[in-house]
Structure formats: structure tokens, C-alpha cells
Number of protein chains: 2
Amino acid sequence: MRIIPAEEFKLSREVEYGTPEQNEAVREIVGAIRTEGDAALLRYTEQHDRVKLDAASLRVTQQEIEAAYEHVDAAFLTAIREAAVNIRVFHEKQKRSSWMDLQPDGTLLGQIIRPLKRVGVYVPGGKAAYPSSVLMNVIPAQVAGVPEIVMVTPPATGGQEGINPYILVAAAEAGVKEMYRVGGAQAIAALAYGTVSIPPVDKICGPGNIYVALAKRAVFGVVDIDSIAGPSEIAVLADDSADPAYVAADLLSQAEHDEMASAILVTPSRRLAEAVAAEVESQLAVLPREQIARQSIDSYGAVLLVKSLEEGIDIINRLAPEHLEVMTEEPMQLLGRIENAGAIFLGAYSSEPVGDYFAGPNHIIPTNGTARFSSPVNVDDFIKKSSLIHYSKEALLKNGEHIITLARHEGLEGHARAIEIRLEKERGN
Amino acid sequence: MRIIPAEEFKLSREVEYGTPEQNEAVREIVGAIRTEGDAALLRYTEQHDRVKLDAASLRVTQQEIEAAYEHVDAAFLTAIREAAVNIRVFHEKQKRSSWMDLQPDGTLLGQIIRPLKRVGVYVPGGKAAYPSSVLMNVIPAQVAGVPEIVMVTPPATGGQEGINPYILVAAAEAGVKEMYRVGGAQAIAALAYGTVSIPPVDKICGPGNIYVALAKRAVFGVVDIDSIAGPSEIAVLADDSADPAYVAADLLSQAEHDEMASAILVTPSRRLAEAVAAEVESQLAVLPREQIARQSIDSYGAVLLVKSLEEGIDIINRLAPEHLEVMTEEPMQLLGRIENAGAIFLGAYSSEPVGDYFAGPNHIIPTNGTARFSSPVNVDDFIKKSSLIHYSKEALLKNGEHIITLARHEGLEGHARAIEIRLEKERGN
């Protein structure tokens, strides 16, 4: 792992917009689903997933879900249930209520909070199918009060027909009652526009391959979408007190995700820097996903030597990492200066996987520097607000002239008259 | 104004994505600003706005702002100041605090709320320059705690050089200290990537023409953007008790915005329907913006006759209008059933311009049916959340095996080992 002075480092990965061919393919699929509905959905499923279904078999049955429970082991079931409880408890604290502001003149202003009515969660097939991500998308929607949460996932995973039983169990444990065996751009289009078999949703979330990402982009506006996740990142800010084996293990747990993942150590300690670089090498050698992790470390990994922890924090704020671990003697003292980081892990025992799987906060976190302006998935992503204005006659008589003045200065005479007509009539009464 | 049975109505306006030529022009401008900075910014300003500036004259001076105050009348100043107070008071109620959850085993979980650091507000030139919109974008950002709010607006409005003094005064009153005379796609690109004269921002908001909208779309991801507003809409739900003159005036105050605006009355009363249609005709005849309003009413306006108010609410929920006025005998009683509407105005005195200019809630509201899943501009649009995890040794020893189980079931051995290495060491101690 290269050790470099901080000022020489720049992390930059361009956003993936797909090739013209991929965009064209997605446009065609979305258009076909929109006009032909189920017929196109079944055709693309046969074409891309090599599974021949009919409309009646799109929905996953109760029997299949029960069968999935037979396939999963007790340790998994216990762990996912405890994780679900923790995730629910954390997200419950994000809930907000509608409020009203009553004014002495009889005016009532307010903000109404309502859950979205129907949300679709996409779960990819194959190796990228993570039961934990099912919980992280479904539970916040549920806590928000979304009455209809539907999951879609490809009918075949890695060449094998049938849905990963761990995914089915995670969804059932999270409380999903409606699941369909469709994937790819065709599943996204079906959720957005609806078909006879799959009623449309208000929002689509969950990760997927490039076709899924492009389809989400294409239907945005018809429905809401979540942000399109980039490769994962971790930055560790550590001083001499940190255990190099812990730091290296945490960097590698990020690097093993994919070749484009980024793992960075920021430290003022050359001793730690060298020890971590050595540990990374020895831990890498025995890691099952060594090849992926090594390519990530070589391409996007680095140890950045800084003069002080303060300079380190400046760099962190510039990187705005998805995950930040702070392993220093007094991590809590630094918290107030950390401006940009999606999730902050403090101290030696707050290893990133604690947050990935179990502690409660969401593991879907802004990547690629977007923690500067966006947030981990949370309950607010599944609600909408409406403003409420109940103006009193007294308030209108008192303030009407101001409103008319502002409207006329913007050249909107019709606005002015809507007020004026009332003032004339009510003053006449 | 046509009166039609509700089931025959469908409002649908496609999202505007620009012509290939417009997209190409924007791509070129954004690329040039990104690589050449100020030089390109000045070149495009000369080309598009026909104003020759140098880098030193991009920023609006204190003297110009003071001169603008000389140009505006006292009635405007009083009105905009009172409006600003109301907007501030309403948005203050949207603020939220960071929170912590302390657990008995020493674990600390939390959600940190921070304002964005720097926000850019785009204000169009010409007739679409609305002082009220300056307040509606700037004040929520300010209430959120954004320390740097910068305004950009074209150096010429409607062929005349110089910025509209009402815009300058509104911005100054809202508290903007940094303003630049640049507009178009080049201003958006400068805010996103930064130039020597204009440091980059974290989020860009505010309306603009198609080039501005396409530029915002192009830089999304580098910075955050607000939603791209479509044409404005109003729906009025009224019964026999409503005053037809008030209803007509409110419909027209929407229709005068632009030819694509939509104004719809939903009512079970044929008597009201006919009276409103007649009132619309007679009020239209004397409206300065008659031509615009008439085209809007003819193309996108309608009176929808329903069998009951309940059926009317179903239609409203399907339309998800930007603005909804409820003028019925007991409007408050219907509120609980209204699911989709950006801003809800209750009763005879809550005319839409009350909310457009003065009451306090934001007037930037989701259009084109997107109130199904999005919200008026609010303080949350200018903050970001970070999750906080400070796991205790005790918690890790207790829960570590569950985390390892979940990681191994997802095939992420590196994740499992990051926990395992700690369990082994700490149990050994």
C-alpha cells in the first residue's frame, strides 16, 4: 500500500452514465413495458434471465417464502432478526410529526407529514444480493408508514433458477408481503408505469447493475428514485494509539467489495503508516477475495501522511468519505470538526461491519464525495410534506395590501386581483 | 372554460429534456467553464448576454446594492420585509437538532445534522425575475444555517444592462452578501466547478430557462440541485357554498403564469361550475395577461363535475396538484383524506397569492404530479445527516458473532475478519 504525502492525493471517479448502446437498450425496454405491460415484461424476462414465466407466476407465493425458511440456518435467522430490531429502533428516532402553528388572528399554518403510498425495492440477483441491504431499504420505508412495500428481484441468480432464500427470508422478516420475480430495466419500468400484474409505485430504491441504474434515471420524475450508488469508500483517521491490525482489517473489508472501492488511511504517524501497510500485505495474502481487494488497494487505496490530526480532518472534509473511522486516543474530541462524512465510526470497536450489518444506522450512505450534500437512507426518504394555509378573514384584511403590492411588482395582475376582489367584497360587507 | 365529467380528464405534460442541439450547447458550455474558468465565463457572458465584463466586475458591489435601494418604493420594501419575517418564522419550525441514543453497554448511536456549507441561488433575468422567489430560496438555506449563500443572475434583463433593483433588494433583505452578474448554463457550471472568481458550491437551486435546467441536470452529482420545476398548477375543490368570483380569480391567478399552467375546478355543484365558467370569461376579458391566461385555460384548464366531494378528493389525490384550494363549507373536515397536494389552502380567504407571497410556507412546490413523492422547498433541503456509531467493547463482544454470521452469508470474509480479529484479541486480553 503506497504511503504518500497528503497533498499529492486526489480521489476522483467519474459518474457512470452508460454507453450509448446501453442507454438505447434501456430506452427500448422502458418504452415497451410502458406500452405493452406484462407481455413485454415476460418477453424480456425470458430474453435476459432465460426463465419463461406467465403473468400468474410473477408473484412469489407464500409457499415459496415458507420453503425459503427451510433453507436458511438458525444462526442467520437469529442474527438477521436482531439486526432488524436494531435498525428499526434507530430509524424510529427519525420519525417526525405534522405540526400546526395557530395564530391569534385565526390563521393556521402547518406542515403535514405523510408516508409515500407505495414503494418498490429492487434487489439484484447473483453475488450482489445482500440480505442486509433488503433490511436497510425496507425498514426505513416501513417506519415512515408506507403501507405498500413491494420487492422485485430477478428470477434466476448466477445461472440458477429461483430466488436466493436468504433474500426471501430477509424480506419476509422485514415485513414485505408483495414480491415479484422480475429484474433488470424491465422490472424498474414495471414499477414506474405499472402493468396489469404489478401496480405502479411512487418511489423505487435499491442497487442494481448499469441497466437498472439507467432505467431508474429514465423513469425519474414519473416516480422518485434513490440516489445511484457509486463504489464504496472508507477513510480511517488514526493516530499512534491505533492498532495496525484493526486498521488494516477495516481497510480490507472495504477493499474486498469491488475493484473500484477505495480504502484510505490518514495519519500523522509514520510508524502506524508503515505498520498498517505491512499488515494490509499480510492480511491480503490470506483473504478469499484477495484479487479484488488487491486491485482496489493498488488503484484507489493510499496511506496519507499528514502533519497533524487537524490537517487530517481537513483532508477528510475534502474527501467527504462514505464511511469514516476515527481511531485516535480521544475520538469524541474531533467530532465537532468533521463536516463531511456519511457515517462516522468512533473508536477501536466501531469497525465498519458493525454498521454494515448490525448497529442500527443505515448502511446505504452517499458515495463519491456526495456526503457533502446528501445523507444516508433515512425515514425522510419515504415521506412527503404538504404545506397547510388556513388564512383568516382578519389576516387577509390586514395583509391584503402587502400581497397586492408584491404581486403588482412582479407584473402578475391576476394575483393582485384575486386578493383585491376579496378585500372589496369583505370590506363592503 | 369547458365543463366535463371527471372521468374524461387526464392531465399529463411530459418532462422537458431539451433538443439535441440544446443539450450539445450546454455540454460545450459546461466543459469550457470546467477547463477554462473565468475566461470562458466572460466569453459566454459577452456572447449570450451581450455584456462585456472582466473578472473584477463579476461581483455586484455594495454601492450597486445601495443604489438599488434608491430605486425601489417604500410600499415594496415594507411588504417584502414583512413577507421575509413570515417566511423565516415558518421555516424556523422546520429546523431539527442532532440527536444521540446512549445505550447501557456504553454504545452511542446518533444522527448529526449539519447545514450545507455553500449554496448557490440562480435568479433568472427578464420578466421571470421574481423577488419573492429570491426569499423562498434564500431564507430556508439561511434558517438551515448555511454560512455562504451566493446569488447569480444575468447582467442584463430584457435587453437592458444592469440587474433588476427589486431582485438586488430582495436578496439583500434576505441576507445574501455575495452576488455575481452571470447567468445561463455558464453560471450553473461556474457554481458547480468553481472559477477563480466564483468558488464552487455544494448545491444549486432556483429556476431558469431550458439551458439553465439542462446545465443543472448536467452538473448533478458534482453538486446537489433542487428539482426542476414544471409549469404551475392549481386545483380548486369547491361545493355550492363557494363564491364563484373568488374561485374564478384564483384559477386565473394560476393561468396567467404561463400558457402551460393548469387551473382546474373540481366540484359536485353544476350551479357553481357554470357560474365559475362565466366568471372566468368576464374576468379574463379585463386581465392584462389575458392572452397567456386564455391559452392556459383552453389547453389545460377544466371544470370537472363529480358526484360528491369524496369523489373529488379521489381525483385530487390522483392529480397531486402543486396548489390545492378547498372552498367548501367545512374544509378542515376533508383535510385527513387529502393525500397528495403540495400546498393546501383552506377556506375562502386562503387565496393562492397569500401563499405565493406572504403567509410563510414556501411557494416552490412540486409540480406535474410529483407531490405524490416530493415536498415544497424546506430547511431539510439545505442540511445533510451523518450517522454516528461509537460501539463499546462490551457490545462488540456480545454481538460480534452475529455480525460475523451475516458477513459470511454474504460472502464477505474480509468483513467477518475485521470483527473476528478484534474478538480474538480482546477475549485474549
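Note that the numbers count up from 1, one per residue, in the order the chain is shown.
Keep in mind that glycine also has a Cβ here, set from the backbone N, Cα and C atoms.
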TrEMBL substrate site partner of B:SER232, B:GLN254, B:HIS257, B:HIS323, B:GLU410, B:HIS415, selected from B:ASP202, B:ASP356, B:ASP380: B:ASP356
Rounded inter-Cα distance in Å - B:ASN209 (NAD(+) binding site), B:SER232 (substrate binding site): 15
Lowest local Cβ density (other Cβ within 10 Å) among binding-site residues: B:GLN186, B:ASN209, B:SER232, B:GLN254: B:ASN209
Residue from B:HIS257, B:HIS323, B:GLU410, B:HIS415 whose C-alpha is spatially nearest that of B:TYR122 (NAD(+) binding site), among the binding-site residues: B:HIS257
Env. residues of NAD(+) site, Cβ within 8 Å of mean position of B:TYR122, B:GLN186, B:ASN209 Cβ: B:PRO124, B:VAL152, B:PRO154, B:GLY183, B:GLY184, B:ALA185, B:ALA187, B:ILE188, B:GLY208, B:TYR211, B:VAL212, B:ALA215
DSSP-derived class (H/G/I helix, E/B strand, else coil) of B:TYR122 (NAD(+) binding site): strand
Binding-site residues among B:HIS323, B:ASP356, B:GLU410 whose Cβ lies under 8 Å from any chain A Cβ: B:ASP356, B:GLU410
Packing count at B:HIS257 (substrate binding site) (other Cβ atoms within 10 Å of its Cβ): 23
Three-state secondary structure, which DSSP defines for B:HIS323 (substrate binding site): strand
DSSP-derived class (H/G/I helix, E/B strand, else coil) of B:ASP356 (substrate binding site): helix
Neighbourhood of B:ASP356 (substrate binding site) by C-beta distance under 8 A, where only residues 6 or more apart in the same chain count: B:SER132, B:HIS363
